[in-house]
Amino acid sequence: MWNYEKRLQFPVKISKPDPKAAQIIISQFGGPDGELAASMRYLSQRYTMPYKEVTGILTDIGTEESAPISYFFFVFLCLFPSKNVVFIFPGFSIL
């Protein structure tokens, strides 16, 4: 269903760390209106959907909403290149 290529659509070069920009980016990822919240809403709604036809659509939308999360992490790690920052989430870790 999905084909994941580990490359960015456009080249990214960040010359210096910017904590303020990193704070804005991470709020888009994990804030109340962020990508992760939207993805979780769609994926949790599929379990209570009475129509099987719509369950597949909610799954597709939920997985599509979670796709930009990898871009947010890449940019965030570029803005904070410290080796002391470790992110651990279920299923994977980024050092």
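Numbering starts at 1 and runs along the chain as it is shown here.
Placed from the backbone N, Cα and C atoms, the Cβ positions cover glycine too.
Features reported for this protein in TrEMBL:
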type     : residues : note
BINDING  : E35, E65 : Mn(2+) binding site
BINDING  : D60      : Ca(2+) binding site
TRANSMEM : 71-92    : transmembrane segment
**Fill in**
E65 (Mn(2+) binding site), DSSP three-state class -> helix
**Message:** If you count CB neighbours within 10 Å, which one among the binding-site residues E35, D60, E65 has the smallest count?
**Reply:** D60
**Fill in**
Expressed in Å to no decimal places, the gap between the Cα atoms of E35 (Mn(2+) binding site) and D60 (Ca(2+) binding site) is 14
